[in-house]
Amino acid sequence: MPKLEMMLLVLLIFPLSYFIAAGGQVVQVDRRGDGLAGYLQRGDRDVQDCQVSTPGSKWGRCCLNRVCGPMCCPASHCYCVYHRGRGHGCSC
């Protein structure tokens with residue numbers, strides 16, 4: 001088998017092993033440093049998207065619990081409610 005064909009075959013098989021090792025789920029490698037957001041959004045965690053501090057910035061606040069308005073709820077069983085005159089808040 002020529003070298004080029006062998007390299008192409010290896011390149012085709014190599015990513016497949018990662019796919020199988022992950023249990024058949026697509027594994028997305030994040031090389032920009034936003035891996036924490038991807039980690040928090042996996043599984044059955046009750047995680048909302050990170051809130052961006054300033055428009056155009058990738059920095060913000062990530063919560064392990066539900067995001068409600070500008071804050072994170074203190075526990076995973078809390079949910080976000082709207083209080084008339086006071087705005088949004090967590091109800092636990």
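Cβ coordinates come from backbone N, Cα and C, glycine included.
Swiss-Prot has this to say about the protein:
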SIGNAL    1-24  signal peptide
MOD_RES   PRO55  4-hydroxyproline
DISULFID  CYS63-CYS72  disulfide bond
DISULFID  CYS68-CYS80  disulfide bond
MOD_RES   PRO70  4-hydroxyproline
DISULFID  CYS73-CYS90  disulfide bond
MOD_RES   PRO74  4-hydroxyproline
DISULFID  CYS78-CYS92  disulfide bond
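Taking PRO74, CYS78, CYS90, CYS92 as the recorded positions under consideration, the smallest Cα distance to CYS68 (disulfide bond) is found for CYS90. Counting only the Cα atoms, the space from CYS92 (disulfide bond) to PRO74 (4-hydroxyproline) is about 8 angstrom. Counting neighbouring Cβ atoms within 10 Å of each of the disulfide-bonded residues (CYS63, CYS68, CYS73, CYS90, CYS92), the lowest count belongs to CYS92. Across the structure, CYS72 (disulfide bond) and CYS90 (disulfide bond) are spaced 8 Å apart at their Cα atoms. Using a 10 Å Cα-Cα cut-off around CYS80 (disulfide bond), the recorded positions CYS63, PRO70, CYS73, PRO74, CYS90 reduce to CYS73, CYS90. In this structure, PRO70 is the one among the modified residues PRO70, PRO74 with the smallest number of other Cβ atoms inside 10 Å of its Cβ.
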